[in-house]
Amino acid sequence: MGRYRILVATGASLFAGSHNRVQLWLKEEFEHEVPEDLGPLQFVKLRKHHSLVEDAWFCDRITVRGPGACEEAAFPCYRWVQGDGVLCLPEATARLAGNNALDVFQRHREKELKERHKIYRWATWKEGLPLTIAAGSEDDLPANMRFHEEKRLDFEWTLKAGALEMVLKRVYTLLSSWTSLEDFDLIFWGQKSPLAEKVHQCWRDDELFGYQFLNGANPMLLRRCTSLPSRLVLPSGMEELRAQLERELQNGSLFEADFILLDGIPANVIRGEKQYLAAPLVMLKMDPSGKLLPMVIQIQPPSPISPTPPLFLPSDPPLAWLLAKTWVRNSDFQLHQLQYHLLNTHLLAEVIAVATMRCLPGLHPVFKLLMPHIRYTMEINTRARTQLISDGGIFDKAVSTGGGGHVHLLRRALAQLTYRSLCPLDDLADRRLLGTPGALYACDALRLWEITARYVEGIVHLFYHGDDVVKGDPELQAWCREITEVGLRQAQERGFPVSFQSQNQLCHFLTMCVFTCTAQHGAINQGQLDWYAWVPNAPCTMRMPPPTTKEDVTMATVMGSLPDVRQACLQMAITWHLGRRQPDMVPLGHHKEKYFSDPKAKSVLNQFQTDLENLEREITARNEQLDLPYEYLKPSHIENSVTI
């Protein structure tokens, strides 16, 4: 038998190595006599022998070079090797399912999925919401979905550092008053970004208020008007305002942000004190210079008790107008965190991740495509369910939708979660924002979607040579149904596919998956660091009911409405923790895992990386000309999966 050169790569993370003995087999299945060498290698079998103390080993990959001019065979692993069991690794070439039950690869993929179904199980966190991984805590998760040690240590230590900073700020403010907006300066120290300092200085400005609807933490709510909203009741005496609104409407420069989803959501009670919610409507105009400016704010919709709710205008007393804008910012905080961040990125990414592990074997090209984009997602979501949105968690302690309102809001938001809303071209078209001046999120999102789509199409076309191949892939079709019908609870009623009938349909769906787990999460997550650090710009809760008159609004009203010291400190700490750049961050498209062995697939990934680098240069050059650079969708700032 010829000589074989075997290279075993251990993961680079802390404690990835093992002191236990490792044993390796080569496996080949053939019908003719054994020649001098084994021929093309199909599998390696791997086992780690148990010593006195169990010492898990994270194996990256194994490569084997046979005798003579044989090509090197790669066997990707990227998982923990535990216990005494034998791990069977197929050669890296991606393969679709066959119909030959005797085929060694077919038997392997069927066995693998059977085992994965036992390990990756669905669970219901709350009725009426997307399903989640079955795990009561992060310790219950499959080992291969856990944070690596560096990530775990950083996550837990920064939480402790944030808690210490909160204590110091509380002590620092014990003997201070909390009666003016300047008192927030007493806690505005520690970790903060340059843009957060800009927000601190300019948060009262109407221009910055309007800008956030286009390019802030939540650019997903704004839409261009085609008519005046029916809920906007203009009483007599406001004919001039009506004329202004209709003029902007005719010019195509009238926009709205409607927070009606919050109407009727029960508000939290924090430490025995009732908190308050509103469901505002904001009408904005875009002036000739491209500035988006508020024209009128209706804090609450019409009701039998108040059929003509008060309207707040820029010409009102300054504190009344400021308080009206603050109510809008509080409402935006709620929808941003729960609808557009938690539901539309985190929970959706988890559904994609669990379905992928349950339905697609490691040999499947879609599994190889998606695996880098589901890293750490199950653990960060599990931690969110046990620390952030749990009973007694952060939301209950500091956020006006806590105490159960957040679950009601998530259910409403799921009912509005359409397939089109997750695809930027469709979403921006539906909101009539295509071509809007100064819409930097929209511009960058479209470019990233286009680049991601080219990457996905390049991979898909290597393995699916026609629509019939797509339709005839049982694993792929099962994965689609698992996402739409199971994980997202019959989402076909909202436009999600239950099967793939063509290459184009498959490519579009996969592009949505990758875009959601990377670029969209980056756009929605990173802004917390900049826009939420100065608490009055985006208060997590409001402690007084919305004003019904303008003349009675005083500084005491404003400060009595905004979060208290404890709530403000908690908001600053948690949004810094969740919005900061992660130390082990993997930029979009630059994962180290080599799931594909096909040179053509590697070439597609290389082109993806080149396209991203070109976009990076374009965004950098554009940002140099802007007073407020938009950086959330710079490829180097986008993480390759939902990890925080």
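The backbone N, Cα and C atoms fix where each Cβ goes, glycine too.
TrEMBL entries are annotated by machine, without manual review.
The Ca(2+) binding site annotation in TrEMBL covers G17, D55, A56. The feature Fe cation binding site is assigned by TrEMBL to H341, H346, H521, I644. Look at TrEMBL and you will find 1-95 tagged as domain 'PLAT'. Taken from TrEMBL, the feature domain 'Lipoxygenase' covers 95-644. Residues or ranges marked as site 'Essential for stabilizing binding to COTL1' in TrEMBL: W80.
Projection of TrEMBL feature records onto the structure.
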| residue | record | contacts (Cβ under 8 Å, 6+ apart) |
| --- | --- | --- |
| W80 | site 'Essential for stabilizing binding to COTL1' | A56, W57, F58, C59, A143, N144 |
| H341 | Fe cation binding site | I524, N525 |
| H346 | Fe cation binding site | T377, I380, N381, A384, H521, V642 |
| I644 | Fe cation binding site | I380, N525, L578, Q582 |
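Taking each of the binding-site residues A56, H521 in turn and counting other Cβ atoms within 10 Å of its Cβ gives the largest count for H521. Close to the recorded Fe cation site, the chain also has L342, T345, A349, I380, I524, N525, L578, V642: residues not among H341, H346, H521, I644 whose Cβ is within 8 Å of the site's Cβ mean position. For D55 (Ca(2+) binding site), the Cβ neighbour count at a 10 Å cut-off comes to 14, with all displayed protein chains included.
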